[in-house]
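Listed in TrEMBL for this protein:
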- 128-238: domain 'Phosphatidic acid phosphatase type 2/haloperoxidase' (DOMAIN)
- 16-33: transmembrane segment (TRANSMEM)
- 45-67: transmembrane segment (TRANSMEM)
- 93-119: transmembrane segment (TRANSMEM)
- 126-144: transmembrane segment (TRANSMEM)
- 164-186: transmembrane segment (TRANSMEM)
- 198-217: transmembrane segment (TRANSMEM)
- 223-244: transmembrane segment (TRANSMEM)
């Protein structure tokens, strides 16, 4: 009997993580070169937002459906256990360090500092959007966890956490926070910083998400769903900010245009 594909991936999870990271760099670079850097104005963000939200929403719905119908239980359990068996101590140490970048305390600090900096720069739309993105995602994630009420995997490395497992809060929160920072770089800094910011933000978010599986805090489907919900929410918030920046109030000047 041939080995299931998910067991093969889990057995070589560290290698597949590296391959996936390179693939993300290629996708982000192509997306930036072919669309984000060439299109301009409100249409660029509106078109991109609609496409991304549709894809992310569809993927999240599909994962949630598979979870509710019981089609993920065996796959998730076998995948997590195989990852645990084959991960080297050095890989585990790497992910143990990186995962703290997605802790609630870390993301809260990022949110507070970002909002404060935007207010100092008189970028009021971006300040509000930053608070909406990071703070709103936290509320959304807790709400989704309460809806699905999925138990976490048994973790041999630490004490059990007291929150539900689906979707992963570290995954969604990191994608929103570091994706938001990349977006702010696109809006406020010269073009030479744009692609590096996108690559760095996506790398950090993906690595934090991956760490949750390696460290046995989440099943793989929790992480994928968290990334999709975070991507959908971040895209929505960016669309809101872009619309607000493109349609300033006629009764007051818009410092965001300066």
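Each position is counted from 1, following the chain as shown.
Glycine too: its Cβ is placed from the backbone N, Cα and C atoms.
Automatic prediction, not curation, is the source of TrEMBL annotations.
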Okay, the transmembrane segment (164-186) and the transmembrane segment (16-33): do they have at least three CB pairs under 8 Å, pairs separated by 6 or more? no
Counting Cβ pairs closer than 8 Å to the transmembrane segment (198-217), the top stretch among 45-67, 126-144, 164-186, 223-244 is 164-186
Model confidence over the domain 'Phosphatidic acid phosphatase type 2/haloperoxidase' (128-238), as mean pLDDT, sits at 92
What parts of the chain pack near the transmembrane segment (164-186), using Cβ distances under 8 Å and only residues at least 6 beyond its ends? 36, 60, 67, 99, 101-104, 107, 110-111, 114, 118, 126, 129-130, 133-134, 137-138, 140-142, 144-146, 148-153, 193-194, 197-198, 200-202, 204-205, 208-209, 211-212, 217-219, 221-231, 233-234, 237-238
Mind tallying the domain 'Phosphatidic acid phosphatase type 2/haloperoxidase' (128-238) by DSSP state, helix then strand then coil? 84 helix, 0 strand, 27 coil
